[in-house]
């Protein structure tokens, strides 16, 4: 029964048209049937950023070349235009190979190209050479780029429109059209990107024979590898980088280095030996890469815009109101990540303080976390709660005390600091500090660190966790969490294949949790409660009967009734309730996020609820046996004969039981459908049909040894005393339940009861329901560059193997960048008594007992 209900819930997710993306023709998909009810118990969400919160459609927005910033929208007078005053984009009609979809708003950059500025030319030459993009020309002038990541595609497209068109490549050459002139560079080496290097370089030989290394990468890595002569230019470019990151743009630094022929020959020979070494090949290559990528000359920086997906701020705000803590794990710069936090409404100007942890050593990180906790404690003491910091540290309930602190705080921590914070002797301190904050943002994190953060919360919080991402770098995080959700976006389907649920946009997550997850948890809990109740009511009658049959193992029911009770008479109604039941409509589930909290606190099926079900079942069984027993002790038939015989008693008890449990499930059902009506009343009809059939002459003549009691059911149920007994038993069993629920509804209603009452009043008054005000600001400032995607395809390109692939196969080089980033932690409302785990798992344990 549990598996049938779970399968039904999975189909509801698959069939939900409101989670279908028409643009990508992608429906939501439940890739498992075992976690549906846990969707209604999630307390922590760990989200990637790029492609998950953002669209992962990169647009070249701004750049800094030789200390000059380009990209600000200018008005006719040359001043920076205000929002909404955007003029016509730059005209690239001079370039027949330009991409018509590319738009740029600062014409001064194109003028610098046309005037022959050598720095600008070298800037775009680097963008057209330093990449692993594959080019396909289906017809003359129609170029199609297949990039490893959307970032690379955006940069190469920008260079293409400004006159430096990457045209084609072979394993040893790259052909570029520079302002209409075809130039072929000899490709000597590709120093590929990976999570540790966070940069990529190419070494090329120009037609004039000059050997040059071009490099692009993270500012934190590249700026420290520049020649000291670049100090002044570095300061200006750093200011530009901070400005871009403050606007939520993804940044890269570009640099180059001229190589002497003799040095390159020696270095290339060592590189060849390292590449063929049988041991420590990766380490030897890394050392050689690091050697050549030093004392470079700074060219500038790029800034790429990746806009938030539609509905992300609203979704985060609603999930936060549902007491779900959202941690966003990102590979972006700190400034970029903070800006995204404001864009998503995770960070607000009303926050008490934003703590930034940037320590490079264990002691520095520990001290910064300690100071953050002290400030929160001081603020709490100033509000009069009374205990000292030392007392709190010594308390075993430090985490819950910190979470109860008044005020809103945020925590921002960098990847190198997080590496120390996740060490065994400091992980608890980090978790305590993070859980006391409303928002937590982790910057520059690697895929491994994402998984470690999820594992840390699973280890100490005992809460249901959910991880959501769209790229291959999110797979470890998705697999570590209790529930994994994959976004089918621009980065392939690696995350989808590793996930339990998938859809195409982040905003669908609120419907998955607040509607499907909450309903699944509610239905499974009601199913389990009713299942235990009806079986205890059925089974315990035998126990009471044992005192009157000398414990001879004689059954109180007919043997066929025992067989058919759970298969026919009571199976379908509880399945219908478990599949279709609702407490409030889906619109109210989205409108009142607090309805989600009972699942987090596991209020609907726990030890207390289990024993209540058992007690109700035992109470029903007592009345089910002793009321007919007492009546039959002195009752007579219409003809004056004694009514009390074994078979008449069995029919009376069985009929009472079926009617009582059918009425009970009618009371438990909150949402009636035609299927519920058909199953409940159909089960009752099936009971009487089978009962009369088993006591009929026909079956007796065919199987005289099996159906010996001919006409017993007809004779028994023809007696008014029997029907009065059945009615009395039903009323006595059901009325206490009705009275208790009525008093509870009147004296201590739950939120769902209030929502239903409000809906009923609104229907009567025929007033139009006021829609929930949108939360979230409209803005174009979004993300930052991430360095947690997988290693690129440089080695494959240099080998030439990929050149033999068809153009169709090349499309499989889908990108795997990604950023993760961390998000908002709301203070946990409610006691530590909440326990994670699905109700079905609790039921399994109970059954084993």
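Just so it is clear, glycine is given a Cβ too, placed from its N, Cα and C backbone atoms.
As annotated by TrEMBL, active site, 4-aspartylphosphate intermediate applies to 48.
Residues or ranges marked as Mg(2+) binding site in TrEMBL: 48, 50, 470, 474. With a 10 A radius on its CB, residue 48 (active site, 4-aspartylphosphate intermediate) counts 33 other CB atoms from all the protein chains.
Of all the Cβ atoms in the protein chains shown, 34 others lie within 10 Å of the Cβ of residue 331 (ATP binding site). Per TrEMBL, ATP binding site is recorded for 48, 49, 50, 152, 193, 216, 250, 330, 331, 332, 444, 450, 473, 474.
Taken from TrEMBL, the feature domain 'P-type ATPase C-terminal' applies to 496-749.
Under 8 Å from some Cβ of the transmembrane segment (527-548) lie the Cβ atoms of residues 1-2, 5, 554-557, 565-566, 570, 574, 577-578, 605, 609-610, 613-614, 616-618, 620-622, 624-626, 629, 653, 657, 660-661, 664-665, 668, 839-840, 843, 846, all in the same chain and six or more residues away from its ends. As annotated by TrEMBL, transmembrane segment applies to 527-548 (among others).
If one looks beyond the transmembrane segment (560-580) by at least 6 residues along the same chain, the residues whose Cβ comes under 8 Å of a Cβ in the stretch are 1, 4-5, 8-9, 523-524, 526-527, 530-531, 534-535, 538, 650, 654, 657-658, 661-662, 665, 668-669, 671, 673, 675-676, 679-680, 682-683, 686-687, 690, 694. Sequence annotations record features per position, and here TrEMBL assigns transmembrane segment to 560-580 (among others).
Feature annotation from TrEMBL assigns transmembrane segment to 610-629 (among others).
Residues or ranges marked as transmembrane segment by TrEMBL: 649-667 (among others). Here the transmembrane segment (649-667) has Cβ contacts under 8 Å with residues 530, 533-534, 537-538, 541, 556-558, 561, 565, 569-570, 573-574, 577, 620, 624-625, 627-629, 632, 680, 683-684, 687, 691, 712-713, 716-717, 722, 725-726, 729-730, 733-734, 737-738, 741 of the same chain, all six or more residues outside its ends.
Residues or ranges marked as transmembrane segment by TrEMBL: 679-702 (among others).
Positions annotated as transmembrane segment by TrEMBL: 722-743 (among others).
Annotated region 'Disordered' per TrEMBL: 826-849, in sequence order.
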Taking each of 48, 193, 250, 331, 444 in turn, which of these recorded positions have a Cα lying within 10 angstroms of the Cα of residue 474 (Mg(2+) binding site)?
48
Cα proximity to residue 470 (Mg(2+) binding site), best match among recorded positions 48, 193, 250, 331
48
Compared by Cα position, which of the binding-site residues 193, 250, 473 is the closest one to residue 48 (active site, 4-aspartylphosphate intermediate)?
473
Ten-angstrom check, please: count other Cβ atoms within 10 Å of the Cβ of residue 250 (ATP binding site), all chains counted.
29
Would you count the other C-beta atoms found within 10 angstroms of the C-beta of residue 470 (Mg(2+) binding site) for me?
34
Which entry in the list of binding-site residues, 50, 473, has its Cβ near the fewest other Cβ atoms, using 10 Å as the limit?
473
To the nearest whole angstrom, state the Cα distance for the pair residue 473 (ATP binding site) and residue 50 (Mg(2+) binding site).
11
Winner by Cβ contact number (other Cβ atoms within 10 Å) across the binding-site residues 193, 444, 474:
474
By CA-CA distance, flag whichever of 193, 331, 444 among the binding-site residues is nearest to residue 50 (Mg(2+) binding site).
331
